[in-house]
C-alpha cells in the first residue's frame, strides 16, 4: 500500500490516485496479517481474499500468499475496524513489519538497523535502539529527518546468568523503536503507542497497564483523559523505574511503560507491575525533555525528543500466546535443532534441560549476528564477548548430551548446524547475514574445535586441583574442598560447567565452595554491568560551541591551499578569543583544505598564515601537526603558534604539506588495491577489520583464520603492482548509499555513512565507499611492498606495507643493507642465502658441541653429589638437593637423570641453577618407590618455582621449571628439601 508523507502530528488521510500502483508481497500465508480476512472469492484458480486495508487482493499458491495492493482510494489502516487477532497468525516478521509500516504511515522514515559494533566509543556493543541517534539527541549532528522508526539489533550481556532461567532475558534481541527529533512529543507518542497495541496488534484493552513517573501529571492525564485508561491501571512509579538518565549529566526525562497482564482475573488491588509471573513490560516511551546539570538540577531542553523501544521478542510472546520469549518463532527453531542434536524432546524435557536448550537458542543468535558484523572471537573487548558466548553454548551443548557434531562424527562441531538455522531465520532481520554464511560457519567451527581442546585441558586441571585438595586435607586433617576461585577459574577460563565440576568432585569425595564461586561470579557480573550497559550522553560547553559554529567546508579534494576565516580558538579545550606565540592551540575554520583524520587516514600537516593590513603582510605562523573531526562535521586544526598571535575572526591562508598528502594518497589507494588483491588470492569472504593510512606506511587488518603463505604474499604483491602499472585513472562520484551498495561498493570498516556517499573506483579492480584522499592515477603509487604479515588476534591478521616515496625509500634502504652484507660475507647477492645457511649450520654444530660438554661437566659435578645424599628413615629414602651454579637447563636435566640412575631406589633429586640473564632452572627426579609414596615431581617443582618468580611442571617421576628471581633460589631449594623430608616422613607413618 502506497502511503503519502504525513505530518506526524496529524492522523493519516486517504491517498487518492488516478493510476493505481501495484506491489507484490510474498509472505507465508498464515502470517500475512494480524486481522481476519473477511471477503473471499475464487479467481483464476487461486483462493482470493480481501482484507481491511482497502483494495488488497490475495492469492494462495505453493504455500505462500501472494497479495496485490492498489493505492487507489485506500482507507487508512488506523481507522479500519479491526478483527480479533487469531492465535498463531503473528510471526515475528509480521510483527516487525506492522510496526514499521504503522509509523511510516505517520511520517516516520524507516531506517535500517545499525551494526552491533557502534561508532560510539562509550559502549562496547549496540545495546539500545537510540544509540545511532545519540549525536542528534545531543544536538551534535543535525537531524536528517524529523522522526524515524527502526528495528535495531541489540546485544546485552550484563545479566547473562538470567538467560534461559526467566521468561524474558536475552543476550540478542530486536528493539522496535519510533523516534522524534524535536517534532512530536508526549501526546502523539502516547496515543500512537495505544493505537498500535490495541488496533494494529489487537491486544485486549483490559489487559494493558501503564506506568508513569510519579511527578509526570501530564503523562498521567494523557493516558487517563485522552486514551481512557482507568486510573487503577495507571501506576505512578519512582525515578529508579520511570525516569531515564544517560549519566550524571545530560539529556534525561520521565518514562512511561506499557505492560501486558497475563492474569487480569487477579484484579487491580495491590497489583505489582514488577511481578514477572503476571506482567511483562513490552513498550517503553522516554520523554527526553530535560538537561541534567552538574549540580543535579533539571533545565528544559530547547528540543524535546521521543525515544521509544518495543521488544520484538516480548510482543511475539504475547501475540503467539507462548509461555516465554524463547518459544516464539524467532528462537524456537534453533532450540528444536539443538534438542534434535541432543536426541531429546523439548516438550518432554525437565526444567533443567529446557533451560539449557534456551541458553543455546539465545546465544546462537547473538554469536551469528556478532560474527556477521565483523566481531570475531578473541580475549579482549567485543571479541571476548563472542568467545564467552560461544564457549557457553559449547559447554551447555555437552551438558545436554550433544557429542561431536550431533550426527556421526564424534570429532566434529555442532555449532555450524545451529548456525544454519539462525542464518535461515535472518532474512528479514539482517539480509547481509546470508551473504556471510560461509565465513560465519567456518569461524564457529574453528572456535568450537579449538575450545574442545581447551575443555580437555580443563579436565586435566580439575584432576590436579582435586589431587591437591585431597593431599592438603590429608596433611591438615580437614575435609577436602575445592575453592570458589578454582571453580570459577575452571568455569571462566576453561569453560567447565559448574554442575560437572561438582559432580566429578563429589565422586572423589571433595566438596565445592559454591558460595565462593557465587562471589566470584558476582564480581564479574558487576564489572560487566559497569562496562557494557551504559549509554553516556552529555550536554556541556562542547555543544554550545557547536551551536555557534557551522560545519567546516572541506576543499581538500581539489586544492591544497585556501583562504579561510578563524571561527573559534581552543586552548586546553576551553574557548578563547586570542592566542599568542609559543602556545598550543586548536583552530576552527569556516573552510579548509586540510583532511581530518577519518576512515583510517591520518590528518594532514601544514601551516596557517595570518595576514594583516591592506598589504596582507604575514603577522603570524601556526604549524599544524594534526586535524581531527569533532562533533558534527567541524574540523579541529591542532598545532603550535610559531610566530605572532591569532584571534577569532582573522582571515588566514591555509597550506597543506603537499609531500605528506601525496604519501597519504598513495597509501590510501594502495589500501583499496590490497583489499581487492586479498579477496582475489585468499577468498572473497575475507573482510576489512581495521586500517591505518599514514604518510609513510599503511596497515590493513582483515579477517582470516591462518597465516598467509610466502607464495600468497608474493601473489598479492604482484597483483597490486600489476594494477599500479596499468596506470588506471580513478573515478569518484557521490551517490545515494543504497545505490552504492546495489552497485557492489565495499564499505570501509568502522565508518559511519549518511544517505549520500562518496564512491572511489579503480575500474575493473576496486569499488569502495570512501571519503579519503586518493591519487588520480594508479601510476602515482609507483610501487607497493609488503613489510610484514602477522596475527594480532584470533581470526584477525595484519599486513603492513609501503607505497609511493616510502616504497622507494624502503627498497633503497634494503639494497644498501644487502650491499653491506655481501661485502661482509664476501659473496654476491644471489649467494647470500647459501652462505648464511652454511654459517647457521656451523653455529648449530658448535652449540651442540658446547651443550654436550656442559652436560658432561654437569654429570661430573653430579657424581660428587651422590656421596652427599642424606637418608630419611625409616624407609631409607636418599635425598639430594643442590645448587649447581651456572649450569644451563639441558645440563641440569642430564645431571638429575645421572643421579637418579646412580642412587638406589628409593631416591629423590632436586637440582637448581642460575645460568645467567636473571634466569633460574629447576629439575626434580623421583625414583618409582618415591612416586608410590604419593610424591609427585611436577607438583613439587612447580610449587618451589613460584618462589623464584616462575612456574613449571611435568610427570610424577620427572619435571622441570624455571624462574626469573635467582636471588630466591637458595630459599626455594631449602623449601624443597623440607617438603620432601616432611612428605616422606608422613608417608612412612
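Note that the numbers count up from 1, one per residue, in the order the chain is shown.
Even glycines carry a Cβ here, placed using N, Cα and C.
Small disclaimer: the values here were computed from a predicted structure and weren't measured.
In TrEMBL, the coiled coil annotation falls on 829-856 of the listed ranges 829-856, 857-884, 885-912.
Tertiary proximity for the coiled coil (829-856) is limited to same-chain residues at least six positions away from its ends with a CB under 8 Å from its CB atoms, namely 818, 821-822, 887-888, 890-891, 894-895. Non-local contacts of residue 672 (Zn(2+) binding site) by the CB criterion (under 8 A, 6+ apart in sequence, same chain) comprise 760, 762, 766, 768, 770, 774.
Over the coiled coil (829-856), the average per-residue pLDDT in this prediction is 84. Around residue 668 (Zn(2+) binding site), the C-beta neighbours below 8 angstroms that are at least 6 residues distant in the chain are 600, 601, 693, 698, 770, 772, 773, 774. Those same-chain residues not listed among 668, 672, 770, 774 yet with C-beta within 8 angstroms of the centroid of the Zn(2+) site C-beta atoms are 665, 669, 671, 693, 760, 768, 772, 773.
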